[in-house]
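Swiss-Prot has this to say about the protein:
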BINDING   C49, C52, C57, C73  [4Fe-4S] cluster 1 binding site
BINDING   C113, C116, C119, C153  [4Fe-4S] cluster 2 binding site
BINDING   C123, C143, C146, C149  [4Fe-4S] cluster 3 binding site
DOMAIN    32-90  domain '4Fe-4S'
DOMAIN    104-133  domain '4Fe-4S ferredoxin-type 1'
DOMAIN    134-163  domain '4Fe-4S ferredoxin-type 2'
REGION    1-26  region 'Hydrophobic'
Amino acid sequence: MNGVFLAIGALLPICLAGGALLGYAAVRFRVQGDPVAEQVNALLPQTQCGQCGYPGCKPYAEAIAAGDKINKCPPGGEATIRALADLLDLEPEPLDAAEETPPRVAYIREAECIGCTKCIQACPVDAIVGAARLMHTVIADECTGCDLCLEPCPVDCIEMRETPDDVRHWKWPQPSPRLIASDRERAA
């Protein structure tokens, strides 16, 4: 009986020290959030537009980290899809869009604008400039075409317009493989 108390007395301090060490390590080396979701979120464009089907970029990043598709972000486009594929070691996929829509930007009819600033507050990328009770305008190069400024406008003076074709978003048609092969044969 005396040996049992001796064994308990010897093991109890060792167990308490080990438990305290594990408790300290759990607090000291705790990982905040999901590191993969944080890395994915850093690659997304942070427009918070909801075009991916999620209420913002962070929920979409968490969904990607949980296994959702990486090709649902129209503002990020192909460059974001390639970066996400490299990060997650996946194959890049084409952008998942219901139909290919031309790029659009918001346009404010300044004569109708009352300067309420609701569109400025709604814009996730600060592409709208103006001041209270003064007309507002859109910086077209900054606008992602997310449509978030349309809803809060009380006088409906904002519309989405297609951007004119220029070198920034011009798409050349892909050559057909047959044409390329025939050109090689003629050159040889």
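Glycine is no exception: its Cβ is also placed from the backbone N, Cα and C atoms.
Feature map: annotations from Swiss-Prot on the structure.
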residue	record	Cβ within 10 Å
C49	[4Fe-4S] cluster 1 binding site	21
C52	[4Fe-4S] cluster 1 binding site	23
C57	[4Fe-4S] cluster 1 binding site	24
C73	[4Fe-4S] cluster 1 binding site	24
C113	[4Fe-4S] cluster 2 binding site	19
C116	[4Fe-4S] cluster 2 binding site	16
C119	[4Fe-4S] cluster 2 binding site	24
C143	[4Fe-4S] cluster 3 binding site	21
C146	[4Fe-4S] cluster 3 binding site	23
C149	[4Fe-4S] cluster 3 binding site	23
Write down the Cα-Cα distance for C57 ([4Fe-4S] cluster 1 binding site) and C123 ([4Fe-4S] cluster 3 binding site), rounded and given in Å.
14
Could you give the residue numbers and ranges of same-chain residues that sit at least 6 residues beyond the domain '4Fe-4S ferredoxin-type 1' (104-133) on either side and whose C-beta is under 8 angstroms from one of its C-beta atoms?
46-49, 139-140, 142-155, 157-163
When distances run from the Cα of C119 ([4Fe-4S] cluster 2 binding site) to each of the binding-site residues C49, C52, C143, C146, C149, the nearest one
C149
Could you check which of the binding-site residues (C113, C143, C146, C149, C153) sits closest to C73 ([4Fe-4S] cluster 1 binding site), going Cα to Cα?
C146
Across all protein chains in the structure, which of the binding-site residues C123, C153 has the highest Cβ count within 10 Å?
C123
Cβ within 8 Å of the mean position of the Cβ atoms of C123, C143, C146, C149: remaining residues of the chain near [4Fe-4S] cluster 3
C49, A106, C119, A122, P124, V125, A127, I128, V138, T144, G145, D147, L148
Would you list, in sequence order, the residues of this chain other than C49, C52, C57, C73 that have their CB within 8 A of the centroid of the site's CB atoms, where the site is the one recorded for [4Fe-4S] cluster 1?
L44, P45, T47, Q48, G50, Q51, Y54, G56, Y60, K72, P74, P75, G76
Looking only at C-alpha atoms, tell me how far C113 ([4Fe-4S] cluster 2 binding site) is from C149 ([4Fe-4S] cluster 3 binding site), rounded to the nearest Å.
13
Say you check the Cα of C57 ([4Fe-4S] cluster 1 binding site) against those of the binding-site residues C116, C146, C149, C153; which is nearest?
C146
Grouping DSSP H, G, I as helix and E, B as strand, the residues of the domain '4Fe-4S ferredoxin-type 1' (104-133) number 5 helix, 7 strand, 18 coil
Between the Cα atoms of C146 ([4Fe-4S] cluster 3 binding site) and C52 ([4Fe-4S] cluster 1 binding site), what distance do you get, rounded to the nearest Å?
11
Other than C113, C116, C119, C153, which residues of the same chain sit close to [4Fe-4S] cluster 2? List them in sequence order, counting a residue when its Cβ is within 8 Å of the Cβ centroid of the site.
I108, I114, G115, T117, K118, I120, H136, C149, P152, P154, V155, C157, I158
Closest of the binding-site residues to C116 ([4Fe-4S] cluster 2 binding site), Cα to Cα, picking from C49, C52, C143, C149?
C149
For C57 ([4Fe-4S] cluster 1 binding site), which DSSP three-state class applies?
helix
